[in-house]
């Protein structure tokens, strides 16, 4: 029991720190733009570079961890984030800052690696609780960055913000070296290089236009060409994987009903989740002169998200023990519906701060339960030697969904903006209703899939190194 708790603590410190880093920079982009003498598009690349690197690194390093040892590769990601933080804090130019953000993006792989370590070290009976708690902490970290960014930036400056992940990674590295055992569970074979190149290629070709399409123009040759390239590369990647004896991602395993439905649901779940994350603060900060906005400051809108963080954490910790009574698949269905209800309520009831705060609290319940349930379904339905890459694929699909949700909501909301540049109330209403519909689609996908589970070749119990 003590060893499991120590392992969880070491992994949680680093993952919580990295999750906070996801949203910490968003409020200070205008300051970075001014200090580094760039334009808005250049400043936005600090987010895009991180996003694309994390998307590529997540399945690739997850697979390498399955082959070479999850603890070893986990420490590599921790070191990359730490070094990237130092470089970012000292960056004299935008180019150096982007290089630092690429290094930090490698940390995206620590999540599937951590889930693999938890599976290798936790007793089978306690694994869902460990996954649920870990998922809750990482989800809370993303929201925590949004809440703390304003006050911390005012106190430390944008360069000082990078001291936070640096300290967290140093502490996490020490704890990992002391408390996390090196798993003896290894996958056979080697890294499928052609599949890795094609996977990286189609992820970049897809996420780049999704992130930059608004600046480039959605009908521009660059955007259309990249989407076509992504389609060609993903087809080639699937062909290579299906023909390979040692696939990077075992597509046949992912074709099991429990897995394909969870992964497809992750796209729609991610779209609804991140759409609200991105536009909830903007909605609350809309000037009161608009006739519907509350006119809150950055700090005040961040405080409105606190109920979300609290319920998200609580639900994540409860999701594991609840698996004794409600299977993870059913939890995921309930979570998606709990995501849809408060999102729809934002469209209908948004004239007072308490209405937004209440919606945020219920949104957090759905988010915490959904993160935990998705990961648990994936981990329980793949062999132990594929935990890292399978978790990485699920996280990646959620990332793709997040990008799609943000693009969709931006198009709906900004499409109604008047001469003042402020979106109309109906734009936000239609946008939130659209996100609620996406969450319902996520639930329907899981409902319509056959519920039987593909048994993993090696039972989790066999991986437990010590009795508890």
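A Cβ is built for glycine as well, from the same backbone N, Cα and C atoms used for every other residue.
For reference, TrEMBL has these:
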DOMAIN    7-454  domain 'Major facilitator superfamily (MFS) profile'
TRANSMEM  40-61  transmembrane segment
TRANSMEM  98-118  transmembrane segment
TRANSMEM  130-154  transmembrane segment
TRANSMEM  160-179  transmembrane segment
TRANSMEM  191-210  transmembrane segment
TRANSMEM  222-242  transmembrane segment
TRANSMEM  254-281  transmembrane segment
TRANSMEM  301-320  transmembrane segment
TRANSMEM  332-350  transmembrane segment
TRANSMEM  356-379  transmembrane segment
TRANSMEM  400-418  transmembrane segment
TRANSMEM  430-449  transmembrane segment
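Same-chain neighbours of the transmembrane segment (191-210): 48, 51-52, 55-56, 59-60, 63-64, 67, 216, 222-223, 226-227, 229-230, 233-234, 236-237, 240-241, 244, 246-249, 396, 399-400, 403-404, 407, counting only residues six or more beyond its ends whose CB sits under 8 Å from a CB of the stretch. Below 8 angstroms of C-beta separation, residues 126, 128-133, 135-137, 139-140, 143-144, 146-150, 280-281, 284-285, 328, 331, 353, 356-358, 360-369, 371-373, 376 of the same chain, each at least six residues beyond the ends of the transmembrane segment (301-320), sit close to that stretch. In the predicted model, the domain 'Major facilitator superfamily (MFS) profile' (7-454) shows an average pLDDT of 88.
Beyond the transmembrane segment (130-154), the same-chain residues lying 6 or more positions past its ends with a Cβ under 8 Å from any Cβ of the stretch are 4, 8, 11-12, 15-28, 31, 111, 114-115, 118, 122, 160-161, 164, 277, 281, 297-299, 302-303, 305-306, 308-309, 312-321, 323, 364, 367-368, 371-372, 374-376, 379.
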